[in-house]
Amino acid sequence: MHLHEYQAKDLLTSYQLPIPPYHVATSLSEAEVAIQAEQWRSGVVKAQVHAGGRGKNGGVIVARSPEDLLAATDRLLHMQFSSNQTAGLSLPVNKVLISPLVEIALEYYIAIVIDRKHRCPVIMLSKSGGIDIEEIAEKQPDLLLKIALPSSGKIYAYQLRHIAKFMEWDKLVADRGNHIIRKLLQCFYDNDASLLEINPLVLTKDGDLIILDAKITIDDNALYRHPQLADWYDPSQENIRDVLAKQLGLSYIALDGTIGCLVNGAGLAMSTLDILKLYGGSAANFLDVGGSASEKQIQEAISLVLSDKNVRVLFIHIFGGIMDCAVVASGLVSAMQGQQGSIPTVIRLEGTNVDKGKEIILRSGIPCEFVASMSEGAELAVKLSR
C-alpha cells in the first residue's frame, strides 16, 4: 500500500526525523487558514497523488507570495495528474501539501528497498538527489551506493563510515546523517515497509540535514499488523477494478492486453500469461480466484474482467483440485447472463466435477469453445483476440 507524501511525513515525524513544517489542505479555505496561521510569505504546493514525476509534470508549484500559494492550491486541487509512473491513469488530486521554502545547499538521495534478487533489504544513497535520480541511476550507476542490510535491521559503524565518505560528509554532517539513517531503518522495519525513499534529503545553507520529500510503501501482507496504517488507504488513487478486487478478496492486477483471464492458482495464472505472450497475445489482467471461491465470487470476478473495455476474449483456465469446476461453471453462466452482448470465450476445465461443469455451461447456451490443453487454449484465445 502506497502512502501519500503527507502520510509518509506524519509517520517519519513520529520518529523525530527533521522535516520542515507542513499543512494539508483539501480546499482553498483550509489552505488560507494554514498560510495565515504560519505567516508564510512563500512556499511550495505539492499535489498529493500516488505517483512520482510530480516535479516534471506540473504537480509541484513554487510560490513567492501568499496570493501565489493560494493560486497554486486552486490550480492543483481536483486536477487529474498523470506521468510516466501512473500506468496510463489520471489520478485525482484531492489534497495538497503546503510547506515553506528551504534554502538548499546540496541535495542527496536515500532509499531503503527490498532487494528480491538477494532477498534482503538494501540501502541506496547518492550525492545527487532531486528529480533526475532515475536518470542518474540508469546512466551513472557509479553515483549510487548500495549496501545490503541484515534482517535484524542493524547498520554497522563501518558501513556508516563508508556512507559518510561516499557522500562526502564532514564529521558534523555525518553525525546528523547517521542519526537520520538509523531512524529511517527503524521506521522501515517497524512498519513492514517495502520501500522508504527520501528524495531529496537536503543540506541547508545553515548546515542542517532536512527531509524534503518522502515516499513509503507498506507491504500489503503485513497491514493486519498495522491497522492505523491500513486506515490511510486511499482507493481514489487506484484503478477502480483493483479496488473492487480488493473488496471481493481477489488477487487481481490490471494489465494492458486484450485477453481477459480467470485462473485458479498463482502459478497457473502466471503460466497462462506467459503462454499467451508466447503465442503473440497479451493478457488484460492477472486474476487468481484461489481454490475456495464461491459461485458469487466467480460471477463477480468474471464481471470484473469484462468491465475492462479492452477485453476482446475471455480465457477461463481452471484446474480443479480444491476448486469445483461446477462452481466455476455456475458462476460463469450467472455472469454471462448479466452481460449485454456476448464475448468470445475459451474454456479449459480439468479436475473436480469437470463433466458436471461442462454440462452446466453447454446447457446454458453460452457461446464458448472448450479446449483440452493450455497451449490449445492460448493459441485459440490469441487468434480470437485479433
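Cβ from N, Cα, C; glycine included.
Small disclaimer: the values here were computed from a predicted structure and weren't measured.
Binding site for substrate per Swiss-Prot: Gly321, Ile322, Met323, plus Asn264 from the candidate set Asn221, Asn239, Asn264. Lys46 (ATP binding site) falls within a strand when secondary structure is assigned with DSSP.
Summarised as a single figure, the pLDDT of the domain 'ATP-grasp' (9-244) averages 93. Under DSSP, Asn199 (Mg(2+) binding site) is assigned to a strand (E or B) in the three-state scheme. Using the Cβ center of Asn264, Gly321, Ile322, Met323 for substrate, the list of other same-chain residues with Cβ within 8 Å runs, in sequence order, Gly265, Gly290, Gly291, Ser292, Ile318, Phe319, Gly320, Asp324, Gly351, Thr352. Nothing from the binding-site residues Asp213, Asn264, Gly321, Ile322 places its Cα within 10 Å of the Cα belonging to Gly53 (ATP binding site).
In terms of Cα distance, none of the binding-site residues chosen from Lys46, Arg54, Gly55, Val102, Asn199, Asp213 sits within 10 Å of Asn264 (substrate binding site).
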